[in-house]
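I have placed the structure first, in the form of structure tokens, so that the comments after it can refer back to it.
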Amino acid sequence: MAIIEMEINMKVRNETTIQEFILEGFPAIQYLGNIFFLMHLLAYLASITGNMVIIIITWVDHRLQTPMYILLSTFSFSECCFITTVIPKLLSIFLSGRQTISFTSCLTQAFSFLFFGSIIFFLMAVMSLDRYLAICKPLHYPAIMNLRVSFFLAFFFNALSFILITGLVLKVSQLSFCGPNVISHFFCDLGSLIHLSCSDTGSVEIYVFFLALLVILISLILTIIAYSNIVVTIVRLPSAKERQKAFSTCSSHLIVLSLMYGSCVFIYVKPKQTNRLDSNREAALVNTVVTPLLNPVIYTLRNKQVHQALRDALSRVTLQKQSFGG
């Protein structure tokens, strides 16, 4: 009898195990779907274009092949991958409403989102430290930061992110899903996915919480320390014009950092991933749409070196066209 009951239970479990999820998106504003589709499509294309310009110009112009710009181009590549993981599905939701996604595709999307997101946070911390060394320790900067160090840091944080996020996704993949299959989000957010599980999710939620502390808060603390020292150095500059210029650059950086860290702390740094699920969607739009749109402008397109490199590249293209035309 016990064996028969076990077999029946296994059959029932197999029959009720969810193989597909529904991404709910934003049902309250679905009637404005076409407008939001156009807005987010333009934002996505602008983000991809801005980041691709940074990547191409860094590798084409030898003057920009410095630790700062190598880190920035790695950051831009990660950001392109990060938003491409999410935005195409969001655009489909705005056009067609709810979207279905298989369990495997859902985990793949969640892995890609968190993997590239983690790399971005680590790189933001490293870039902040790079600016701290360049501004506050200019004499020691060449000895500490060079191309080899920047390539090593990029590789190290890619590997670390892969290990951390793979462990988390493997733990989530072992959960059972036998109840509702509607994810209250526009992508496979792990918090929303964990909420749908009919297993005990305590250990997974603790893992998520400590992972968020490691990735988000440690990089945030390093960034705050770096920029605090930068601000102190700027205040001591003798020229008012230099101070104003430096503060202008730092303030724009800090606005983007505040948006990115603020939204992610709100979403992930909490012991229970089932808390505030509805408001997570709006917060996630900040770091998947708003900051990727601002980052290319804030970090490099306002930079005189990049402007000069772009002008030189356009001049070369113009000369080549004229020579072919002649």
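Placement of Cβ uses the backbone N, Cα and C atoms for every residue, glycine included.
Taken from TrEMBL, the feature domain 'G-protein coupled receptors family 1 profile' applies to 50-299.
If one looks beyond the transmembrane segment (35-57) by at least 6 residues along the same chain, the residues whose Cβ comes under 8 Å of a Cβ in the stretch are 26, 29, 64, 72-73, 76-77, 79-80, 83-84, 87, 90-91, 94-95, 289, 292-293, 295-297, 299-301, 306, 309-310, 313. The transmembrane segment feature in TrEMBL is assigned to 35-57 (among others).
A Cβ distance under 8 Å defines the sequence-distant neighbours of the transmembrane segment (69-87), meaning residues of its chain 6+ beyond its ends; these are 40, 44, 47-48, 51-52, 54-55, 58-59, 109, 112-113, 116-117, 119-120, 123-124, 126-127, 130, 147, 150-151, 153-154, 186-187, 288-289, 292, 295-296, 299-300. Annotation comment: TrEMBL describes 69-87 (among others) as transmembrane segment.
Here TrEMBL flags 107-129 (among others) as transmembrane segment. Residues of the same chain lying 6 or more positions beyond the ends of the transmembrane segment (107-129) and with a Cβ under 8 Å from any Cβ of it are 68, 71-72, 74-75, 78-79, 81-82, 85-86, 89, 101, 153-154, 157-158, 160-162, 164-166, 168-169, 172-173, 187-190, 193, 215-216, 218-220, 222-223, 226-227, 257, 260, 264, 287, 299.
TrEMBL lists 149-170 (among others) with the feature transmembrane segment. Sequence-distant neighbours of the transmembrane segment (149-170) (same chain, 6+ residues past either end, Cβ-Cβ under 8 Å): 67, 70-71, 74, 107, 110-111, 114-116, 118-119, 122-123, 126, 130, 190, 204, 207-208, 211, 214-215.
What TrEMBL records for 206-235 (among others) is transmembrane segment.
Look at TrEMBL and you will find 247-269 (among others) tagged as transmembrane segment.
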